[in-house]
Amino acid sequence: MVRKIAIYGKGGIGKSTTTQNTASAMAHFHNQRVMIHGCDPKADSTRMILGGKMQTTMMDTLREEGEEACMDLDNVMSTGFKDIKCVESGGPEPGVGCAGRGVITAITIMEHMKVYDDNDFVFFDVLGDVVCGGFAMPIRDGKAEEIYIVASGEMMALYAANNLCKGMVKYAEQSGVRLGGIICNSRNVDGEKELLEEFCKRIGTQMIHFVPRDNIVQKAEFNKRTVVDFDAECSQAHEYSELARKIIENDNFVIPDPMTMDELEEMVVSYGLMD
């Protein structure tokens, strides 16, 4: 039975990097069949899996060749490192239309063709901290059953994570979606791990893994590869392997209890981040 996971978080927090490295570790170390469906108009959710290749998006194919062309997987799906399948929703031309509609259209086509069913895990890498419209589709319509939020010990990252939890609460009962935990993508902020653990405790979830900051992530990206592909023996590759293992074995799924803005600020102040 395929497990569908949506990765959310503040813009620039490292969602795409975390998703691709975790997917690579899942396939390489844990022999899972993995697919990544990028839900960002930038279409950069699968680039490192494909060795730097920017693949043709579903919306580009739809615009240029029509819906029938989207039904041909050779046009819209690529296979990369460890046979990870890659699809990018894409979006409209800049300044025209709604990118969220592209997500809805792309997911609907993939479901119609039953593409997701041939995998153990499908990751939806979703644009920024947006919880409205098409970008909320994985939450709103139960397209993903599990949500993981990438955060750090910075105020805006926590603010975005808390807002995402508010969006989840709104749709959780109707869609069945649940929060699997917070992934800390460390920024080396003082007291970061303790702050994230406190935040998780307050909203009723777990910090599923603390991913330390390591320059090898940027080095691998510069070489257009994931860390696992670049150097599977390095310590950071094993951090992603641990994160992958914890996701595979996770059975702690909750409807979160978001904090008020006052509570969030009070907590952050107590850790000295707003001094």
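Cβ coordinates are placed from backbone N, Cα and C, and glycine is handled just like the others.
Annotation comment: Swiss-Prot describes GLY9, LYS10, GLY11, GLY12, ILE13, GLY14, LYS15, SER16 as ATP binding site. Less than 8 angstroms from the CB of GLY12 (ATP binding site) sits no same-chain residue that is six or more residues away.
Residues or ranges marked as [4Fe-4S] cluster binding site by Swiss-Prot on the basis of similarity to another entry: CYS98, CYS132.
Residues annotated as ADP-ribosylarginine in Swiss-Prot: ARG101. All chains included, 16 other C-beta atoms sit within 10 angstroms of the C-beta of ARG101 (ADP-ribosylarginine).
Cβ neighbour count for GLY14 (ATP binding site) (all protein chains, 10 Å cutoff from its Cβ): 21.
Sorted by the number of other CB atoms within 10 A, the binding-site residues LYS10, LYS15 start with LYS10, the lowest. Cβ neighbours within 10 Å of ILE13 (ATP binding site), excluding its own Cβ and spanning all shown chains: 24.
ILE13 (ATP binding site) sits 24 Å from ARG101 (ADP-ribosylarginine), taking the C-alpha atoms as the reference points.
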